[in-house]
Structure formats: C-alpha cells, structure tokens
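Annotation comment: TrEMBL describes 2-118 as domain 'PLAT'. Marked as Ca(2+) 1 binding site by TrEMBL: Gly17, Asp79, Asp80. The annotation Ca(2+) 2 binding site is assigned in TrEMBL to Asp39. Here TrEMBL flags Trp103 as site 'Essential for stabilizing binding to COTL1'. Among the features that TrEMBL reports, domain 'Lipoxygenase' is placed at 118-674. The Fe cation binding site annotation in TrEMBL covers His368, His373, His551.
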Amino acid sequence: MPSYTVTVATGSQWFAGTDDYIYLTLVGSKGCSERHLLDKAFYNDFERGAIDSYDVTESEDIGDIQILKIEKHKYWYKDDWYCRHLTVKTPSGDYLEFPCYRWITNDKEIVLREGTAKLSRDDVTQVLKQHRRKELQERQKLYRWKEWYPGFPLSIDAHSHSDLPHDIQFDSEKGVDFVLNYTKAMENLFVNSFMHMFQSSWNDFADFEKIFVRISNTISEYVMQHWQEDFMFGYQFLNGCNPVMIKKCKQIPANFPVTNEMVECSLERNLTLEQEIEKGNIFIVNYELLDGISANKTDPCTMQYIAAPICLLYKNLENKIVPIAIQLNQEPGPENPIFLPSDTHYDWLLAKIWVRSSDFHVHQTVSHLLRSHLLSEVFAIAMYRQLPAVHPIFKLLIAHVRFTIAINTKAREQLICECGLFDKANATGGGGHVELLLRAMKYFTYESLCLPEAIQKRGMESKEDIPYYYYRDDALKVWEATLNFVKDVVNIYYASDETVCEDEELQAFVKDVFVYGLRDNTDSGFPKAIKTKDKLTEYLTLVIFTASGQHAAVNFGQYDWCSWIPNSPPTMRQPPPKEKGVVTIEFIIESLPDRGRSCWHLGAVWALSQFQDNELFLGYYPDEHFVEKSVKEAMVKFRKNLEEIASFIQDRNKNKKLPYYYLSPDRIPNSVAV
C-alpha cells in the first residue's frame, strides 16, 4: 500500500498554534485519498513554531499529487491556526512542497497546490484550472476596492483593522495602534508633562531642548547644533527625509522675480545669475502645491498658517548647496518680499523656517503618504485580487506588501481621518492634507516613480556636478540591484514578450492597478497592459522599490531631521512676514508650534521612525513561496549584491558627522509596514 510522510510547519508568531482537529486529503491524478486526521497519541500537535510529521497510508495508488486539502474543525473554542507549509514525501521518495503561509480560521477547508510557480497557460488538468479560478473568485470577495475619499486612490473596503482578512492583519494590533504608540513615544521621550500645554509658547530656542532627547552621535543632535546655518538648510534637500523636491533650475519662474543684483553677493564665481544657471549651479525648490491649501482650524484658540514658498539655491565653490533667495508665497508683490542672506539675521532665519515647515507638509502628505503608502496599497489589493498564489508574480511581490494594507487601514482609522491624530499638531490637519493630496494626484505619474527617469527629469543625475547627493547614489544602486533580481525571475518564467502578452492574470493585475487603484487616470502614464519582458521588469522593480527603498528613504529619517522642532515645524502660528526688518526672536518663537503641538509632533516622528519588532529587510524571504532552485539562486545573488551596497555605504559613512544610511539595504524593510 502506498505510504506518504506529511510534514507540517506551524507559524512562530503569537497564537499561531491550535488544539483543533486538522484533517488532510491528498488529491492525485488517479483519485483522492481518504480524509486523514493528523494526530499523534499523547502528543500536543501543531504547537507554535512546531514541525510535525505524520505517516499516511493509502489502500491504492492515487497517482501524481496535484493538490491537497486541509480542514480544521473546532475542538473546544475558536482557535485559529497559522500554517507555514507542508511537505509530502511520496512513495517514490520525491519531496513535494506546498507553501501555505495563511491563517486557517473557524471550521474551514483550504486547498493548496504544489509550490512550483506556474502561469495559467501551464495548467493542463481541469482540477488545477478550477482551483486557480476558485481561488481568485474567493479573493475578489475578500479584497474589495473602496473609495475612502473622492479623488483618492482606491483602498481596501474595511472600516477598521479588525475587518481585514486575517492573513493581512498585524500579528498584534496593539503594536500598530497609533494612539498607543504616540503616547508610548512621549513617555519614552519624557515629554508627558508638556503634551497638553496647547497655546503655551516656548521662551526661546534653548527652551525647545526641554523636549529634545540627546542621543550621542545622532544626526538629530547635529541638526540641533547647526540648523540655523545655510549649509545645513541646503544639505537637507539632498539627504534629508524629503530628498525628492530639489531640481536644477533652467529658468527663473515668472512669479519669482529674483534679479542678479539681489543675489550677486552670494555668487562666488564672478558670474551673473544667468551665467550660473547656464553652468548648472542654480537649483530650485517650489512648493506651489501648497498655494491656497486650507490651514488647520480644528482648534479655535490657535490660528495656524501655511505658505507656498519658492527657494533658490546655489552650489558654491565647496560644492555645498546653499539658499540664496526665498519668496514665501507664489504671488509676487510688495507684501511678498524676496528674502536674502544679506537681510537681517532673523528675517532670513524665519524665511528658512517657513520653507522647512512647507517641506514637512509636502513630505508627509505627498512623498510619504501618497507616493509610498497609498500606492503600495493599490499594488497589494490588485495583487490579491488578480494573481493566484501559484503565480510567479504573486510569489515575487507577496513579501513586499506585507502589512501594508493593515498599516494604511490603521492610518485611516486613527491618523488621517476627521479628528484624527494628524489634526493634533499639523497645519494641514482638519482637511488641508486631503486638499493637498488631491492636488498632488494631478501631477502623479508613472515616470516620476521610475527612479532613474525621475532623477534625470529633475536634472540631478550628474555625480560630478552634485557630488554629495547620497540619496541619489544609494537609491540608484538599490534600484539596479532590484532590477537585476526581477529580471532574473522574469526570465525564468517568461520565455518571450509573447508569453507576457498572453498572461491574462498579469494583464488583469496591471489593469486593476490602473482602472481601479488609480481611477483610470490616463495622465498618470501608468500602463493598462504590459507587452514586453523589459516593461514587466521595470514595472515590478517600481512596485518593489516604492515599497522598500523609496519608503525607507522618506520614512526612517523623520526623527533625525524633524525632532528638533525649529528645523521642521509641523505648523506655524503667525502668518508669513509681509515686509523686511520687522522680525524679532519673539515673533519667531510665537510663530513656532506651542508646547503641546511640539510634543505631539515629537511623538509622531519618533513612532514613525521605528522599525517593526519582526521587521524583514530587503532581500530576505523567510516565507518560501518559491520552491525552485533557480529562483533561490537568484535570491542569493540579490542578497550578495545588497550586502556589497551595504558595505560600501558603511565604509563611506565612517567618520562622517552626517552619515547617510537610510538606503543601506540592511535598514530597508521589504514593505511599507509603519
């Protein structure tokens, strides 16, 4: 009689084990096995982290195993089970691996396929074709698109984290509770006594140190010491937590009437402003997206303000980027002066503070929320809806959407919703962040997410011209390593461009992203279909890099760069100055956030800058969805390339007062999960 050995691996996360009854049925090409209870006498089966083996004997040959069925039936009380994978040793001595990596809840049956990745064209038996169709039908009922706010990218249809399918929930919801994490952060930072002191201003800049935690050799302490200096202001456009705004200036905008006479004392090469522009030494950052955005009015006791500045920067003879002119709003005129380094110290300082505050708003809502969180959720939902677990692209992407839908659902529940935590301290709270995101959607393009093209479009690609742009250098290395890995995987499963065109599930995934996730926006440049292997490789690289490298670049530096409040104010309590020569230190302090808002801001940037307890970093795939040797070899090659990048970054950062490490692969999580 044919005998099989079935090995079952239970997950190691909390509450993964079960005491319920587990049944197994093998489905082969010649028939089905009996329904076997997996149970060993006087043994506690399926404990958390356990690997259990069972001998299964059949009365007759069932042929080649095609699928297996797992059933769970309640023993005493509701007891969910997380199954990692099963391995079946056949009578001939072959080993078949069946990846699962799912929660099995209630009295439920799940059907698993052998782990070799297959395109739909590869399935020849009716059993496998039917399983593929049924899996997607069930997923499309679970993962439904929903409009959270008109004009936003579509998101998951769930009111709260607990409404989500169990497979995509956090292991511990408490770990991602924003209210709890903010409160915990403020306890860790010893700022509890200030957090409710709204409307109470600080006395001076030194007074902010009462809530500033000094940690030896950190960037945040260096920022506190040097934030008023022009070189530090300019450096942040290259290597701060929003290094995607700066562009090479090819022409001064018509609404920014800077003259050569205004800036000639800042130019070091004995050239005119026009000549410096031609030489490629002038850069610009324009916050026109903020023009007319409503400021936070949720607190009637505190007026809050938003500006839309334009900042001109110059590469000096030391190759440092420094500011040379700032206009605080878009409409030029006598009440909107252009501030210069030659103005009084406090005039110039306040102008720079306004730029930093504006950068904070665009960073949080556009660079961070829209272009990493919300976009990654679109990819995740489309993946679950259109790609079965056996599809190679599902296996490739699953690690890069881990917890993304969950963290975004929590954000909609507690953070960016009406009366959410975002309203507590931010000038764009109370609806301004919604207006800003809707405006940014109009300029949101596929090309701007393809890193090499995006950098080139901003004129920032030359290492010789801009030698200290570490974000660019490291990001391009990570993008290239990811691209090569994706290319290796694509080449394994797609023999030709024709294979790509004929993959109906892949095309449905791409179409779902465009039609539903991105609201059928043709101006976005996102493809409706993919017709070549090269385009597929680029598209998947974009998906993975957005969720990993790009999110890491704009997220994990928030405490470093934003914890010193005057360097990155989340709100301003006085309007921008309309004339020169009137700004005093007292006016600046009254403009900056009060004690309460400062503490909420500090708690936010601390919490957002922390890794998850069970973080998985780029290139590491402990859940073995792929079983093929060729893909595992590609993963090893990918990790080796990433390790070389990490080693290069570590060597470069040695003895640097301002190390740049956000894109070191050993600090890049696989997915957007915080």
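The chain as shown is numbered from 1 upward.
Placed from the backbone N, Cα and C atoms, the Cβ positions cover glycine too.
Features per TrEMBL, on structure.
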| residue | record | contacts (Cβ under 8 Å, 6+ apart) |
| --- | --- | --- |
| Gly17 | Ca(2+) 1 binding site | Thr10, Phe46, Glu47, Arg48, Gly49, Ala50, Trp81 |
| Asp39 | Ca(2+) 2 binding site | Tyr21, Ile22, Asp45 |
| Asp79 | Ca(2+) 1 binding site | Thr18, Asp19, Asp20 |
| Asp80 | Ca(2+) 1 binding site | Phe15, Thr18, Trp103, Ile104, Thr105, Asn106, His166 |
| His368 | Fe cation binding site | His551, Val554, Asn555 |
| His373 | Fe cation binding site | Thr404, Ile407, Asn408, Ala411, His551, Val672 |
### Query
Relative to the mean position of the Cβ atoms of His368, His373, His551, the recorded Fe cation site, which additional same-chain residues have Cβ within 8 Å?
Ser367, Leu369, Arg371, Ser372, Ser376, Gln550, Val554, Asn555, Val672
### Query
In the same chain, outside Gly17, Asp79, Asp80, whose C-beta lies within 8 angstroms of the Cβ mean position for the Ca(2+) 1 site?
Phe15, Ala16, Thr18, Asp19, Asp20, Phe46, Trp81, Tyr82
### Helix, strand and coil counts within the domain 'PLAT' (2-118) (DSSP)
0 helix, 61 strand, 56 coil
### Query
What's the most sparsely packed of the recorded positions Trp103, His551, counting other C-beta atoms within 10 A?
Trp103
